[in-house]
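Asker: My structure is below; once you've seen it, I'll send some questions.
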Ligand SMILES: NCc1[nH]cc(CCC(=O)O)c1CC(=O)O
């Protein structure tokens, strides 16, 4: 491979930086390239700058990606590294997701102060989460809990928890593991009762369509099973027109050559949920996700969305 310098764009938070260094390390190992073949370029995004409002209010996916995508499009960056969960289903023209690293643990983790798990929390306890999916799933399991919006970096959230602003909070176990902070976890939620967000736990690479050199660069770090799972989950999300305002869960897993998918849509108050399970050939991952999205939308009925969309 020609030795040029590749510019890898990332957000600047501790988790984003870990992810960028993970990608860089894997690329170096895959091609036997030196450290100086890569430059990690840190950009701040709108989503990083607005920290006082719920993400669902600021609106739109792309909040954490816009600045990176602009620089990728005009050639100031060669690659951008993201949490797949933060990626819109529709990318800017000319860009695509060129690789998915092997997925981390997909589960959500409870960090409890006054009790270890959702079940064990006393009636009326306060749970902080910024995710509409987690809020809806908590309310579904425990309608008596007081769920409040709670944003910020992992460190900020843990500080607020320690200060007693909330009794418990939820975070992706994958992120905590990447930060080396798994010891704060008091309970891990199983994916059946608490399904993860589409893309949770998977780092992805975005690059320019037609940049063959970068396509070759990332090819050996792409994990085929994760890639198939993510195509399916993202197709499900797209079919449901997934936005920050819609609580949607979805998880695809490749087991013995079969892609198994489970998805769920919920009302934000957790009063209603619709589930779907499907399985098929990983080669048809997109069709599987799209079909599952269509089916679950039919099951839910038009009123389900009309109520609160
Ligand atoms: N929306 C923020 C975000 N995007 C990805 C992760 C965690 C890491 C991952 O899922 O890969 C997080 C934080 C969280 O949900 O705890």
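Cβ atoms are placed via backbone N, Cα and C, with glycine included.
Pulled the feature table from TrEMBL, pasting it below:
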| type | residues | note |
| --- | --- | --- |
| DOMAIN | 7-215 | domain 'Porphobilinogen deaminase N-terminal' |
| DOMAIN | 230-295 | domain 'Porphobilinogen deaminase C-terminal' |
| MOD_RES | 244 | S-(dipyrrolylmethanemethyl)cysteine |
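Help me picture where these features are in the structure shown.
Answerer: Mean per-residue pLDDT, taken over the domain 'Porphobilinogen deaminase C-terminal' (230-295), amounts to 94.
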Asker: Residue counts in helix (H, G, I), strand (E, B) and coil for the domain 'Porphobilinogen deaminase C-terminal' (230-295), per DSSP?
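Answerer: Helix, strand, coil within the domain 'Porphobilinogen deaminase C-terminal' (230-295): 24 helix, 25 strand, 17 coil.
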